[in-house]
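Data block below; observations after.
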Amino acid sequence: MLGVVELLLLGAAWLAGPARGQNETEPIVLEGKCLVVCDSNPTSDPTGTALGISVRSGSAKVAFSAIRSTNHEPSEMSNRTMIIYFDQVLVNIGNNFDSERSTFIAPRKGIYSFNFHVVKVYNRQTIQVSLMLNGWPVISAFAGDQDVTREAASNGVLIQMEKGDRAYLKLERGNLMGGWKYSTFSGFLVFPL
């Protein structure tokens, strides 16, 4: 009869052998929050992936969508800018949208998609809205037709973000219409880097 030490050595030898039922392109799927994928043809990449090991988090789902349900009217229109606050969050998968500051905070380095749709009231004013990344404008949208009742400023973009980067909308000028939830701000992680 085999002793405990012999059984442990036999088990270790079996585990050290090749994975049963797997080919070199098919990853071994593990239960839980982490997946380790080994590449049988690693490169000489100096970034640390030369070993051919990739670790992916199982909680990579990141998405948010927020709406404004009330009008957003600055008290002074001349050269006054402000963050657009969204008072109702519809989706916040990953809890990376700070509803108090209406700011998205990137949980990891990756490519993110953002879009916004902002409606101006009929007041013969132009609105300008910018998507800001860490305080700098990335894209803007304008609505300024003087002869329409309501007009929308919309835009969308893919952005590479680092962990901790912040994205938010800034009203450069004008008034927003939000009484029927017309103004929206949404984003999601396309893929991590």
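Just so it is clear, glycine is given a Cβ too, placed from its N, Cα and C backbone atoms.
As recorded in Swiss-Prot:
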- 57-193: domain 'C1q' (DOMAIN)
- ASN23: N-linked glycosylation site (CARBOHYD)
- ASN79: N-linked glycosylation site (CARBOHYD)
- 62-193: region 'Necessary for interaction with CBLN3, and homotrimerization' (REGION)
- 122-147: region 'Essential for interaction with GRID2' (REGION)
- 1-21: signal peptide (SIGNAL)
Task: For the region 'Essential for interaction with GRID2' (122-147), distant same-chain residues with Cβ under 8 A (at least six beyond the ends) - done: 77, 84, 114, 116, 153-157, 159, 161, 165-176
- [ ] Report the DSSP secondary-structure composition of the region 'Essential for interaction with GRID2' (122-147) as helix, strand and coil residue counts.
- [x] 0 helix, 15 strand, 11 coil
Task: Taken over the region 'Essential for interaction with GRID2' (122-147), the model's mean pLDDT - done: 86
